[in-house]
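> One structure follows; several queries about it will come next.
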Amino acid sequence: MSITFQLCRIPIRTDLALAEPLSVTGTVTGTLRCRKPFVIRCSGESSSTAADSDFDAKVFRKNLVRSKNYNRKGFGHKEETLQLMDSEYTSDIIKTLKDNGNEYRWGNVTVKLAEAYGFCWGVERAVQIAYEARKQFPEEKIWITNEIIHNPTVNKRLEEMKVENIPIDEGRKQFEIVNKGDVVILPAFGAGVDEMLALSDRNVQIVDTTCPWVSKVWNTVEKHKKGEYTSIIHGKYAHEETIATASFAGTYIIVKNMKEAMYVCDYILGGQLDGSSSTREEFMEKFKNAVSKGFDPDKHLVKAGIANQTTMLKGETEEIGKLVERTMMQKYGVENINEHFQSFNTICDATQERQDAMYKMVEERIDLMLVVGGWNSSNTSHLQEIAEERGIPSYWIDSEQRIGPGNKIAYKLNHGELVEKENWLPEGPITVGVTSGASTPDKVVEDVLIKVFDLKSEEALQVA
């Protein structure tokens with residue numbers, strides 16, 4: 001799903017602010033008050049809520065979690081919903097592979113499965129809680145603020161369960177369509193502060209499936225904010241997770257890759273790193289969609305902390321952190337580094353495990369690689385990137401429907417280019433490496449492999 005993001009306004013009560021004291025039962029006894037109206041942030045620009053010095057996002061989130069209209073743990077239907085998910089998303093083929101050391105032969109196709117692949121616990125948890133919400137509220141209107149995960153199969157299943165996306169008109173989410181008593185699911189990527197405020201104001205039941213690893217990153221940028229450090233966020237500025245993370249930050253800049261990080265660090269050093277940066281005006285034009293409101297590179301790059309979108313390449317995040325640390329040492333001296341740099345480990349374990357398994361897989365003797373996952377999945381794109389860098393023929397597809405008759409395939413490269421190829425499966429016996437993104441059910445991988453087996457069976461019949 002492609003969404004054009006822009007700064008957008010939504011009419012919301014403006015008397016929200018820092019919390020009153022809590023009762024001994026843990027429920028909110030006061031109201032939240034805020035002096036200034038705010039706008040919902042739908043782009044790289046910061047929201048006025050986040051920029052409001054009177055507003056404490058951490059306090060707001062803490063009190064939201066304690067409110068009676070908020071749930072992030074499910075509704076007591078875990079066993080039942082996991083059984084349903086098991087029937088819909090598991091795979092006999094994947095089970096056979098796991099039972100045989102992640103390698104098995106079907107006809108003239110040998111399949112090698114990565115050691116870590118597919119659904120991570122955070123994704124499984126998010127989907128399970130969403131299923132529980134439908135069970136708990138069978139008649140209520142249920143909305144979701146974004147795709148729950150980046151997988152078309154799972155998102156379609158939720159649509160079939162009458163979980164509806166909040167409509168978007170010209171880049172603006174139509175929150176006014178949500179009525180008191182409706183249920184609203186926050187996806188695994190989380191939701192921005194302004195969206196949470198809007199929903200809280202409308203007195204709806206919030207079901208929060210945000211991955212705890214994402215929440216961990218929010219805690220990190222809140223620490224940066226408290227210490228008056230600018231958060232340098234390694235991520236994609238239009239990605240749902242990064243939008244949410246930035247809403248909890250104070251001052252921030254989002255860098256997509258090492259090249260952009262080098263540009264920022266070169267600017268800090270006055271062009272003495274690699275000469276890639278230029279004027280302040282050029283800097284602001286380059287990052288106009290990826291910085292907080294009022295960002296000034298001459299003022300806000302004196303103290304910096306590192307955070308990341310949890311699905312980015314682990315190694316690149318680490319290298320960016322080291323680069324910024326070295327830059328601050330060069331600029332301000334080793335003895336003063338703690339006054340100018342903070343680093344926290346916000347790399348998701350599941351992302352790291354899948355990337356490590358992929359690095360191991362590409363060292364195996366395989367003829368080609370199948371990377372299965374949603375085409376808008378950031379973590380899946382990086383698995384494809386690892387294979388491409390190794391020079392292995394690799395095909396990133398989101399479902400078996402991308403494999404057509406006559407040995408044709410439509411797939412994406414890691415940077416998003418769509419490619420169509422004929423005769424992609426070599427003749428004769430082949431060894432296929434397989435992995436899948438953290439949002440991909442095993443059943444989707446099974447359907448892909450069945451298509452491959454069918455094509456190779458047709459080939460064998462033609463030879464015979």
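Sequential numbering from 1, following the chain as shown.
Here the Cβ of each residue, glycine as well, is placed from N, Cα and C on the backbone.
According to Swiss-Prot:
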- 1-66: transit peptide (TRANSIT)
- Cys120, Cys211, Cys348: [4Fe-4S] cluster binding site (BINDING)
- His150, His239, Thr310, Ser377, Ser378, Asn379, Ser439: (2E)-4-hydroxy-3-methylbut-2-enyl diphosphate binding site (BINDING)
- Glu241: active site, proton donor (ACT_SITE)
> What subset of the binding-site residues Cys120, Thr310, Asn379 lies within 10 angstroms of the residue listed as 'active site, proton donor', using C-alpha positions?
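Within 10 Å Cα-Cα: Thr310.
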> Whose Cβ, among the binding-site residues Thr310, Ser377, Asn379, Ser439, has more other Cβ atoms within 10 Å than any of the rest?
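Per the Cβ count, the most surrounded site is Ser439.
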> Do you know offhand how many angstrom separate Asn379 ((2E)-4-hydroxy-3-methylbut-2-enyl diphosphate binding site) and Cys120 ([4Fe-4S] cluster binding site) by C-alpha?
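Cα to Cα, Asn379 ((2E)-4-hydroxy-3-methylbut-2-enyl diphosphate binding site) and Cys120 ([4Fe-4S] cluster binding site) are separated by 11 Å.
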> Among the binding-site residues His150, His239, Thr310, Ser377, Ser378, Ser439, whose Cα is within 10 A of the Cα of Cys120 ([4Fe-4S] cluster binding site)?
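Within 10 Å of Cys120 ([4Fe-4S] cluster binding site): Ser439.
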> Around Cys211 ([4Fe-4S] cluster binding site), how many other C-beta atoms are within 10 angstroms of its C-beta?
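I get 24 for this one.
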> So how many other Cβ atoms are close to Cys348 ([4Fe-4S] cluster binding site), meaning within 10 Å of its Cβ?
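The answer is 24 other Cβ atoms.
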> Look at the binding-site residues His150, His239 and tell me which residue has the greatest number of other C-beta atoms within 10 angstroms of its C-beta.
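Selected residue: His150.
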> Any same-chain residues 6+ apart from Ser378 ((2E)-4-hydroxy-3-methylbut-2-enyl diphosphate binding site) with CB under 8 Å of its CB? Would you list them in sequence order, or say none?
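His150, Lys236, His239, Glu241, Gln309, Thr311, Met312 - these are the non-local Cβ neighbours of Ser378 ((2E)-4-hydroxy-3-methylbut-2-enyl diphosphate binding site), listed in sequence order.
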> Is any of the binding-site residues Thr310, Ser377, Ser439 within 10 Å of Cys348 ([4Fe-4S] cluster binding site) (Cα-Cα), and if so, which, in sequence order?
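Correct set: Thr310.
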